[in-house]
Amino acid sequence: MLSVIILAAGKGTRMHSSLPKTLHTICGEPMLFYILETAFSISDDVHLVLHHQQERIKEAVLERSKGVIFHTQIVEKYSGTGGAIMQEDKTPIPTKHERVLILNADMPLITKDALAPLLESQNNAIGLLHLADPKGYGRVVLENHQVKKIVEEKDANDEEKTIQSVNAGVYGFERKFLEKYLPKLHDQNAQKEYYLTDLIALGINENEKIDALFLEEECFLGVNSQTERAKAEEIMLERLRKNAMDLGVVMQLPSSIYLEKGVSFKGECVLEQGVRLIGNCLIENAHIKAYSVIEESQIVNSSVGPFAHARPKSVICNSHVGNFVETKNAKLQGAKAGHLSYLGDCEIGKNTNVGAGVITCNYDGKKKHQTIIGENVFIGSDSQLVAPINIGSNVLIGSGTTITKDIPSGSLSLSRAPQINIENGYFKFFKKP
């Protein structure tokens, strides 16, 4: 086994946001949680080093995971990546295991498989990337698969600038290596910071062997700006879409479909173009038609859309919800709502038909109220159901009716004013042609 230290102390100034960088989301999930999930898949000893907005990050983490060990970087004294793993006396932060893997919190695309070279190595090692265009990166000079030296681009000679091996920002160390060289680390550089790369240089100077392990570039994309966040999200989306299609989900124009990490599929599902699945959703034996949005809801044995919106806590089972229908905290069981309706805070029973333009008036300006509709109910078009209201089964509601009282089962309900036709009434407003 090994211990994992995740570095998350940076300010993330290039994100231009008051939200801590690591809490920015990738497909609905804060990017920090991706790396924590990977860390816990390989270790029972996970450490998180914080500084900037640490209480906010700690609170977010504790809502999801109780197993993380938190540390605060002493930035005022030991800044930089090397300083992140130092205690007050320059010794490494204590870990449970002899081998330590160091990761960055702003790399949400890292997977257990991508870390395999570092996990399998028993030596001190640095993860490398092979970049076609390494401009802007420090170069790693190799000799017989060992690190000879690490050169910052501004210090590289012409030959070294042609090197395409760069530091991926992940490391595997023996704890005794950290205990030996971390106290020797200094900040005698332009930035006045302690660097993990300098730690490696100290080891090389004393003939320590540092393995150079090449990793998959895509998985080690660092997120330091909104542009890089968007790029990482595109890659994650491709993974989520592929995972869904591997389960048999049919996607029409997959590149137009957005889904988040919390979405799960069962049975035979079809997603048409422009569909958005947000939060923790269950899509089971369902057809989600074009440009529909499903948020934190369950769609089971049903069709939804096109242009429908299932807002949080909607449970749509054995039902049809058509175009321009919005649901919110609604439970439909064997019902139909074909078009142009708002169904909020309601329960609708089997074989009930909701006509076009029907609205559940669930909000009185202060509180939300519930509408309960039984089975075999026909609600005529353009009716309003003013909650709280209870409509029994086998009920017929005439078109244009405003319901303000409970309706017993077996009833016909109407509330329209009589129609009046006034002869020549038009010409009271307009001149005769």
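Using the three backbone atoms N, Cα and C, a Cβ is placed for every residue, glycine included.
Swiss-Prot lists 1-226 with the feature region 'Pyrophosphorylase'. According to Swiss-Prot, the UDP-N-acetyl-alpha-D-glucosamine binding site annotation covers 7-10, LYS21, 80-81, GLY138, GLU152, ASN167, ASN224, ARG311, LYS328, TYR342, ASN353. Per Swiss-Prot, Mg(2+) binding site is recorded for ASP106, ASN224, and the stated evidence type is sequence analysis. Residues or ranges marked as region 'Linker' by Swiss-Prot: 227-247. Look at Swiss-Prot and you will find 248-433 tagged as region 'N-acetyltransferase'. Taken from Swiss-Prot, the feature active site, proton acceptor covers HIS339, and the record attributes it to sequence analysis. Residues annotated as acetyl-CoA binding site in Swiss-Prot: ALA356, ASN362, TYR363, SER381, SER399, ARG416.
Projection of Swiss-Prot feature records onto the structure.
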residue : record                                        : contacts (Cβ under 8 Å, 6+ apart)
ALA9    : UDP-N-acetyl-alpha-D-glucosamine binding site : VAL49, LEU50, HIS51, HIS52, GLN54, GLN73, VAL75, ALA84
LYS21   : UDP-N-acetyl-alpha-D-glucosamine binding site : GLY10, LYS11, GLY12, MET15, MET31, ASP106, VAL223, ASN224
THR81   : UDP-N-acetyl-alpha-D-glucosamine binding site : LEU7, GLU193, TYR194, TYR195, LEU196, THR197
GLU152  : UDP-N-acetyl-alpha-D-glucosamine binding site : GLY138
HIS339  : active site, proton acceptor                  : GLY322, ASN323, PHE324, VAL325, ALA356
ASN362  : acetyl-CoA binding site                       : GLY344, ASP345, CYS346, LYS368, HIS369, GLN370, THR371, ALA387
TYR363  : acetyl-CoA binding site                       : GLY344, HIS369
SER399  : acetyl-CoA binding site                       : GLY355, GLY380, SER381, ASP382, SER383
ARG416  : acetyl-CoA binding site                       : GLY398, GLY400, THR401
Local confidence of the prediction over the region 'Pyrophosphorylase' (1-226), expressed as mean pLDDT:
94
Looking only at Cβ atoms, how many others are within 10 Å of the one on ASN224 (UDP-N-acetyl-alpha-D-glucosamine binding site)?
15
Taking ALA356, ASN362, TYR363, SER381, SER399, ARG416 as the record's acetyl-CoA-binding set, what's the max Cα pairwise distance in Å, rounded to a whole number?
23
Cβ neighbours within the same chain of ASN353 (UDP-N-acetyl-alpha-D-glucosamine binding site) - under 8 Å, at least six residues apart:
ALA335, LYS336, GLY338, VAL377, PHE378, ILE379
State the non-local partners of the region 'Linker' (227-247) in its own chain: residues 6+ outside its ends, Cβ under 8 Å from one of its Cβ atoms.
15, 24, 26-27, 31, 108-109, 218, 221, 254, 257-261, 263, 265, 271
Under the DSSP assignment, what numbers of helix, strand and coil residues are found in the region 'Linker' (227-247)?
20 helix, 0 strand, 1 coil
Which of LEU7, ALA356 (the binding-site residues) has the most other Cβ atoms within 10 Å?
LEU7
